Amino acid sequence: MPPRFRPSFFTSSTRPLLTPKPNSTPLQIRLTSNKPPTPPLLLSQRLHALSTRLTNRARTSASHFLGHPLRALAFALKFLAFGHLLMEYGIWPRAVAGPSMLPTIAVAGSWALIDFTHRFGRGVQVGDLVAYHIPINTQSGLKRVLGMPGDYVLVDTPETGGETMIQVPPGHCWLIGDNLDASRDSRLFGPVPLGLVRGKILAIFQPFRSFEWVKNPMLAQ
Amino acid sequence: MAPWGSAGKTTPRFLGQFSHYLFRYATWLPVLIAFNSYVAQVTWIRGPSMYPFLNPQYNESLRKDLCLVSKWSPHRNLERGMIVVFRSPENPHVTVVKRIVALEGDVVRTKPPYPYEHAKVDVGHVWVEGDGDKTKDSNYYGPVSTGLITGRITHILTPLDRAGRVRWWEHAEREGVQKAQAS
């Protein structure tokens with residue numbers, strides 16, 4: 001097959017090289033191809049070309065996996081790992097239950113929008129709601145931050161307990177439920193390492209009923 | 001040819017191929033992250049806290065031990081003597097390597113920085129100590145919650161003369177640990 005784009009002076013021509021064409025300005029040399037210019041495509045033609053290209057591409061992608069189990073496996077692995085990455089480090093709703101946060105969160109039926117970028121206590125302030133791994137078992141909990149490293153906190157329940165105050169050790173936080181009577185929190189298991197903090201609660205909602213952004217009472221004057 | 005990487009006809013050839021391969025390798029990053037956090041990881045051991053077992057030449061050379069950390073179900077089946085990797089209770093962004101000395105319910109005779117002579121290990125916690133003298137361990141910050149444990153060291157990879165499986169069960173038990181009744 002001959003090359004398609006060939007300058008005019010290589011093609012067989014009866015005219016001698018570098019001679020002006022009959023009806024043109026004298027010093028002009030034709031460097032374009034000899035092919036007649038293609039007319040611009042109609043819109044319908046372009047759509048047809050696009051659909052053909054897309055279906056061809058779909059066909060190739062199906063055959064890309066069909067005879068190749070390893071390729072399909074690798075694709076599934078990548079897909080799952082990417083999903084896991086999003087689940088682990090993104091912002092996701094989780095169902096929450098229990099009486100320990102009662103004025104703020106109902107006993108059942110509530111969901112919390114958790115920002116997992118605040119894991120390990122990154123950017124968490126006193127007054128925030130955090131989700132955390134309970135230090136004495138393998139479950140997760142949701143409590144309010146009463147003290148960050150260096151803060152002084154009351155060890156026992158106010159009014160009914162003792163008056164002792166301790167300083168929260170470095171790398172720990174003091175977590176307390178809003179419903180003091182029905183909450184197992186730092187009064188029971190002491191300061192919680194920030195490494196167990198999973199994320200910060202952005203909003204509390206009940207699907208199709210209510211949605212409320214969580215405001216930090218220490219910041220909202 | 002991969003279906004997604006066949007560059008458009010208008011893209012220059014080098015750019016098209018470059019972005020194609022960049023994308024193809026970048027899609028493996030999440031897999032790598034998931035593997036490192038749930039299956040296994042290779043880490044350098046820094047510091048003298050596990051002297052003489054790990055980094056025995058920490059004060060003679062800059063050579064560090066390369067270890068294989070198993071990340072598979074790190075909270076389960078913990079035993080006394082295992083070498084575990086966990087987030088420091090003092091700073092969650094620092095990972096430390098220590099040996100488990102006592103499990104939950106055990107009573108430990110503590111070492112100097114600890115304010116009390118004996119400590120009972122809480123439920124869901126372990127008592128960890130370094131093998132060497134220069135170590136900041138449970139005698140300093142108390143029992144460590146098992147939720148902080150991210151893995152356990154199963155193999156030493158380099159140096160080659162000590163490479164092999166970590167036989168933690170052959171390590172001598174620490175004196176002064178009164179084991180709980182159940183185990």
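Keep in mind that glycine also has a Cβ here, set from the backbone N, Cα and C atoms.
Within the chain carrying the transmembrane segment (B:25-45), a Cβ under 8 angstroms from the stretch's Cβ atoms is held by residues 54-55, 64-72, 85, 95, 97, 150-151, 157, all 6 or more beyond its ends. Among the features that TrEMBL reports, transmembrane segment is placed at B:25-45.
The domain 'Peptidase S26' annotation in TrEMBL covers B:26-111.
What TrEMBL records for B:Ser49 (among others) is active site. Annotation for B:Ser49 (active site): same-chain Cβ neighbours under 8 Å, separated by at least 6 residues, are B:Val96, B:Val97, B:Lys98, B:Gly130, B:Asp131, B:Gly132, B:Lys134, B:Thr135, B:Lys136, B:Asp137.
Here the Cβ of B:Lys98 (active site) has 25 other Cβ atoms within 10 Å, regardless of which shown protein chain they belong to. Here TrEMBL flags B:Lys98 (among others) as active site.
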Under the DSSP assignment, what numbers of helix, strand and coil residues are found in the domain 'Peptidase S26' (B:26-111)?
11 helix, 26 strand, 49 coil
